[in-house]
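Q: Quick one: the structure is below, and I'll ask about it shortly.
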Amino acid sequence: MGRSVGKIWLPILLLLLLESGRASNNLIGLGSYDITGPAADVNMMGYANMDQVASGVHFRLRARAFIVAEPQGKRVLFVNLDACMASQLVTIKVLERLKVRYGDLYTEKNVAISGIHTHAGPGGYLQYIVYIITSLGFVRQSFDALVDGIEQTIIQAHNNIRPGSVYVNKGELLDAGINRSPSAYLNNPAAERSNYKYDVDKEMTLLKFVDNEWGPVGSFNWFATHGTSMGRTNALISGDNKGAAARFMEDWFDQKNGGSISSDVSEPNRIPRRVSNIIPIVNDNHHELLEIAASFESLSGKPTTRFLSLSRRVRRVLRQADRTKFVSAFCQTNCGDVSPNVLGAFCIDTGIPCDFNHSTCDGKNELCYGRGPGYPDEFESTRIIGQRQFKKAVELFSAASEKLNGKIDYIHTYVDFSNLDVTIPKEGGGTTTVKTCPAAMGFAFAAGTTDGPGAFDFKQGDDQGNAFWRLIRNLLKTPTKEQADCQQPKPILLDTGEMKQPYDWAPSILPVQILRIGQIVILSVPGEFTTMAGRRLRDAVKKALTSGSSKEFGNNTHVVIAGLTNTYSQYVTTYEEYQTQRYEGASTLYGPHTLSAYIQVFQKLATALITGKPVEPGPQPPDLLDKQISLLTPVVMDATPFGTQFGDVRADVPKNATFKRGANVTVTFWSACPRNDLMTEGTFALVEILRGKGSWEPAYDDDDLCLRFIWSRPSKLSTRSYGTVQWIVPQTATAGVYRIRHFGASKSLLGTIKHFKGTSSAFVVA
């Protein structure tokens with residue numbers, strides 16, 4: 001009898017031991033929150049175009065975070081922002097809030113905050129003057145939206161911490177980026193270039209987060225391509241191609257998890273559409289649908305509460321009470337010279353390719369523009385590049401099998417890059433010591449890039465400058481001879497590192513950080529590394545980690561760069577690329593040896609990470625919040641014409657209208673300035689579908705790429721404004737009766753904020 005019992009229990013015990021071996025020893029937590037800033041009056045961050053002012057929403061911006069922790073040990077926190085870049089001031093204030101809430105659990109050492117580099121988000125949230133000139137100084141509302149949203153994201157991730165595992169996978173994505181400065185890349189040594197098949201990095205690295213009980217709960221990936229599918233004249237807030245990819249993947253998982261859509265991403269042009277699967281068809285009889293639609297005329301604008309905008313969001317319908325929302329982030333890496341405008345750069349007047357070395361057309365840089373795959377439609381280019389990243393991410397996510405095992409660790413220091421001694425090899429052997437320089441921007445910086453050219457007579461590849469612009473420069477600050485020599489061959493246009501009035505124009509103290517999760521190492525860099533600069537940094541760190549006597553890191557070590565993280569200090573090129581002085585070289589602030597300085601610092605950090613030896617914290621970056629200047633005028637008041645109310649329909653859909661899929665349905669409402677309420681976690685625009693004969697269900701909101709909210713004034717100083725909602729009916733939209741709604745908030749002369757809603761007449765989609 002005893003032997004029989006033993007035979008029964010032995011395999012059970014073995015299975016239990018095997019399962020316990022497979023179970024993760026780590027804890028994981030993910031979170032996501034709305035960080036959409038002011039959708040009116042604020043200059044967009046990225047192109048430095050004074051005329052590019054936010055006037056609506058393409059789709060909303062989010063912060064997404066993951067935490068990986070040892071149960072009784074260290075943890076790391078990574079936050080990805082649908083923003084142009086991280087900000088030192090934002091990072092400082094987020095860390096202050098985390099200190100109050102969690103003590104020393106989350107500090108500058110183990111927290112990384114990174115931007116995807118969209119050029120379609122509100123600016124004014126950085127603390128250094130050169131980055132907030134075009135936004136008319138500091139914009140408190142932009143800043144607060146980020147700090148508040150990041151904090152809420154981290155709270156979610158922290159509260160969601162549960163036992164789980166992380167898996168890594170990598171693969172090539174060939175058609176989502178090209179080199180926009182190939183002449184600079186070709187200046188790198190031929191022997192080095194021969195080691196690589198492409199002149200940009202084509203590899204995507206993805207982390208898959210799996211809850212022990214719930215299964216997959218999220219993914220974060222890094223891939224190099226600029227957030228410039230939306231051009232320099234776009235006025236709608238947008239997460240650009242990476243924000244779009246994140247929307248697609250989160251929707252894909254929601255529908256796949258509900259069992260209502262195939263997970264086969266090989267289907268061409270397949271973008272997941274949740275609504276058609278949660279809203280049943282009302283009736284497929286066209287005449288009956290028209291009769292039903294005719295009975296729902298537009299409604300007068302009515303007062304409402306802010307809660308209605310939040311409660312009608314489509315994604316709230318999909319939220320599951322018993323588990324966390326799936327979170328997917330598409331993070332940025334060494335994108336410095338990588339453009340999503342993959343058709344190449346052409347002259348807009350002649351249609352011929354731009355000059356190879358200078359990206360000009362008949363000597364003028366203003367006419368040279370890169371073309372995305374949806375040219376001339378920037379919205380379509382955004383969708384296509386986003387879809388390509390999404391499809392590759394799904395492929396890697398579905399096949400991820402390499403589990404991250406080993407330590408959770410981190411190391412961080414602050415470094416003054418304005419005067420750093422750097423040891424570099426000499427030709428013929430030995431070493432020599434060189435220095436970095438105080439920050440400065442070259443003439444070619446003002447030329448812009450093929451993604452967004454500058455103005456006047458600047459051009460890329462300019463290593464001389466000209467007398468007129470030197471005269472203008474000298475009115476601000478004349479560079480010293482020492483600075484000019486240090487920055488050679490860069491002709492200095494703005495000597496930002498030595499400009500201190502009314503406060504610092506550019507950073508000098510930068511955060512440098514390594515996060516470790518088992519065999520993956522994340523290098524947090526505060527700028528945009530070019531392709532070859534990123535390759536050199538990754539190789540140097542991997543060599544430092546794997547070549548010592550320690551056996552902690554092996555050949556399966558994955559090193560990934562998280563670009564635009566914790567603060568922003570523009571570009572980092574190789575020494576050879578710097579010599580050509582294209583835009584990226586002219587924007588490499590600390591001189592020709594900037595990359596060598598980064599490699600030296602990161603190698604020291606990597607060595608310290610292995611040995612466990614502490615590193616000096618370094619000099620603290622300044623907190624310049626109290627010195628910020630803002631010239632952006634506040635909203636004084638909103639008004640409507642006599643006899644009308646906020647939310648009234650100004651231009652309705654045609655009577656008895658029927659729209660086909662692909663059609664543009666447009667309704668305009670009397671509105672108010674979106675700065676009165678950002679509608680955080682809510683929506684300005686909504687498409688509803690009739691369910692049965694009296695119940696309207698949310699179908700699309702301003703988190704969907706097919707729905708655009710466009711805000712405008714009849715004149716610049718007018719108190720009146722319009723809110724236009726455009727719905728490009730998706731091919732996957734369900735036939736039925738629809739209507740369009742608008743939510744907003746008005747401000748009285750006394751400063752009172754009142755929320756309102758507007759509703760269009762119903763119409764048919766057939």
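The backbone N, Cα and C atoms fix where each Cβ goes, glycine too.
TrEMBL entries are annotated by machine, without manual review.
The signal peptide annotation in TrEMBL covers 1-23. Under the heading domain 'Neutral/alkaline non-lysosomal ceramidase N-terminal', TrEMBL lists 27-600. The feature Zn(2+) binding site is assigned by TrEMBL to H117, H226, E528, Y571. For S339, the entry in TrEMBL reads active site, nucleophile.
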Q: I'd like the number of other C-beta atoms within 10 A of the C-beta of H117 (Zn(2+) binding site), please.
A: 27
Q: Run through the Cβ atoms and count how many others sit within 10 Å of the one on Y571 (Zn(2+) binding site).
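A: Summing over all protein chains shown, Y571 (Zn(2+) binding site) has 24 other Cβ atoms within 10 Å.
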Q: The domain 'Neutral/alkaline non-lysosomal ceramidase N-terminal' (27-600): mean pLDDT?
A: 93
Q: From the centroid of the CB atoms of H117, H226, E528, Y571, the recorded Zn(2+) site, which same-chain residues not already listed sit within 8 A by their CB, in sequence order?
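A: Output for this site, in sequence order: Q332, C335, G336, V338, G527, G563, L564.
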Q: Within its own chain, what residues at least 6 apart in sequence put their Cβ under 8 Å from the Cβ of E528 (Zn(2+) binding site), listed in sequence order?
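A: In sequence order, the residues whose Cβ lies under 8 Å from that of E528 (Zn(2+) binding site) (at least 6 apart) are H117, N334, C335, G336, G563, L564, Q570, Y571, V572, E584.
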Q: Tell me which of the recorded positions H226, S339 sits in the most Cβ-dense spot, judged by other Cβ atoms within 10 Å.
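A: Within the set of recorded positions, the most crowded position is H226.
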